[in-house]
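What TrEMBL says about this protein:
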BINDING   K7, F8, G9, G10, T174, D175, Y180, R185, K210, V211  ATP binding site
BINDING   T47, E74  substrate binding site
DOMAIN    268-353  domain 'ACT'
Amino acid sequence: MPVLVMKFGGTSVATLDRIKRAAKRVGLEVAKGYDVIVIVSAMSGETNKLVGFVNETSPLYDAREYDAVVSSGENVTAGLMALTLQEMDIPARSWQGWQVPVQTTSAHSSARIEAIPTDNISAKFNEGMKVAVVAGFQGISPEGRITTLGRGGSDTTAVAFAAAFEAERCDIYTDVDGVYTTDPRISSKARKLEKISFEEMLELASLGAKVLQTRSVELAMRYKVKLRVLSSFEEPSEEAGTLVCAEEEVMENRPVSGIAYSRDEAKMTLVDVADKPGIAAAIFGPLSEAGVNVDMIIQNVAEQGLTDMTFSCPTDQVLRAQKALNDAKGRGDINFQELIADTDVCKISAVGIGMRSQSGVAAKMFKTLSEEGINIKVIATSEIKISVLIDRKYMELAVQALHDAFELEKL
Ligand code: ADP
Ligand code: ASP
Ligand code: MG
């Protein structure tokens with residue numbers, strides 16, 4: 001039987017009624033003759049609540065116990081979805097990550113999937129089971145402990161299953177009807193894209209468009225998974241949603257395809273560090289060991305052998321970063337006058353493969369922001385993206401202004 005993977009995000013399984021509605025969609029695909037692997041998220045809000053419990057109990061938590069707690073939301077929805085399907089006379093069974101087993105690295109709270117043996121679930125399909133409901137976002141480490149895949153990780157579970165089972169398609173059901181030129185919740189002018197290339201989706205996701213987890217796009221690109229994003233609230237149709245596909249399949253030639261934002265950025269500045277060989281390693285080594293995801297970095301011009309080093313990281317890692325740097329200072333590995341944390345910034349990015357061949361995108365972006373009176377704090381570019389760090393209070397304004405400037409509503 002051909003296999004189909006259907007992933008339902010938090011809002012699509014937020015209540016028992018919504019689980020029923022999702023199960024009906026699964027039933028339609030079973031009726032077409034598919035063996036279906038359903039990947040479920042936790043009910044919306046549930047993972048946030050669990051993360052809150054962990055932070056309140058232990059701000060610098062042991063990530064193994066974080067995973068033990070936050071993975072549990074998916075267990076509930078997996079069981080409920082299997083029961084709902086059974087009530088519809090569809091043979092279904094739920095699977096937690098360790099039961100499959102979804103084998104991951106032991107990088108707790110942001111583990112990577114290493115392998116998904118297909119034998120257990122395939123054997124059940126052969127015995128007549130029609131739907132395997134798998135708890136997304138979770139796996140098991142080589143040490144036998146529960147791991148999670150980072151926020152939004154159920155998308156990655158879905159694509160990894162689609163690759164392992166050579167599924168005909170991987171459908172990501174969410175609360176918007178596709179991938180838009182920017183977050184439709186921020187701009188009413190956002191346009192739905194019929195298709196988007198893997199490369200652009202990868203950048204948009206990694207720059208904050210949480211509609212797909214970055215790693216899921218990476219996997220889809222590597223294993224050529226046919227990936228579709230669609231709404232679980234709209235009537236089923238073959239053409240619904242956005243197809244994430246190879247660059248050659250996207251016909252339009254546009255300099256910018258989308259604007260992404262990331263609200264939860266922090267800018268950290270080490271004031272007056274010695275400008276000498278090895279200093280960057282002495283700063284960023286401990287940060288990496290502490291699990292801080294450093295994004296943008298700038299080092300100022302040195303004066304009298306001293307310089308300022310600025311970097312950005314997610315706001316929820318500021319505590320860890322401060323501890324790592326103060327510990328390094330305490331050991332005498334680095335020296336600085338002051339460590340300033342600015343947690344009121346956000347990152348805005350323009351993404352498009354057209355940037356490779358069309359110049360002037362950066363200039364237009366900077367001019368647009370300056371016309372709105374928005375000061376740029378840090379800039380980073382790559383082949384197909386330009387990102388800036390700005391004050392968070394200008395986030396919506398910047399997204400709207402750039403969306404207008406690049407005429408994305410006309411795409
Ligand atoms: P789920 O719970 O289904 O995984 P998420 O909340 O993780 O859903 O992702 C869907 C959300 O992604 C949308 O509600 C939307 O606000 C946001 N989003 C951000 N950027 C985009 C974009 N470019 N296109 C579509 N949705 C986007
Ligand atoms: N429930 C997890 C989260 O909220 C995983 C997911 O929904 O993809 O991050
Ligand atoms: Mg998500």
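Glycine residues also receive a Cβ, built from the backbone N, Cα and C atoms like all the rest.
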From G9, T47, E74, Y180, which binding-site residues have a C-beta atom under 6 Å away from some atom of ligand 3?
G9
So which binding-site residues out of G9, T47, E74, K210 are up against ligand 1, CB under 6 A?
G9, K210
For the domain 'ACT' (268-353), what are the DSSP-based totals of helix, strand and coil residues?
29 helix, 34 strand, 23 coil
Where the criterion is a Cβ under 6 Å from an atom of ligand 2, which of the binding-site residues K7, T47, T174, Y180, K210 meet it?
T47
Return the residues near G9 (ATP binding site), defined as same-chain residues 6+ apart in sequence whose C-beta is under 8 angstroms from its C-beta, sorted by sequence, else 'none'.
S41, S44, S154, D155, I172, Y173, T174, D175, S232
By the DSSP assignment reduced to helix, strand and coil, which category contains K210 (ATP binding site)?
coil
K210 (ATP binding site) and T47 (substrate binding site), Cα-Cα, nearest whole angstrom
15
Integer Å distance between the CA atoms belonging to E74 (substrate binding site) and K7 (ATP binding site)
12
Out of the binding-site residues K7, K210, the residue with the smallest number of other Cβ atoms within 10 Å is K210
For the domain 'ACT' (268-353), what's the model's average pLDDT?
94
Take the Cβ of T174 (ATP binding site) and count every other Cβ within 10 Å, whichever protein chain it belongs to.
24
Distance between K210 (ATP binding site) and E74 (substrate binding site) at the Cα atoms, whole Å?
18
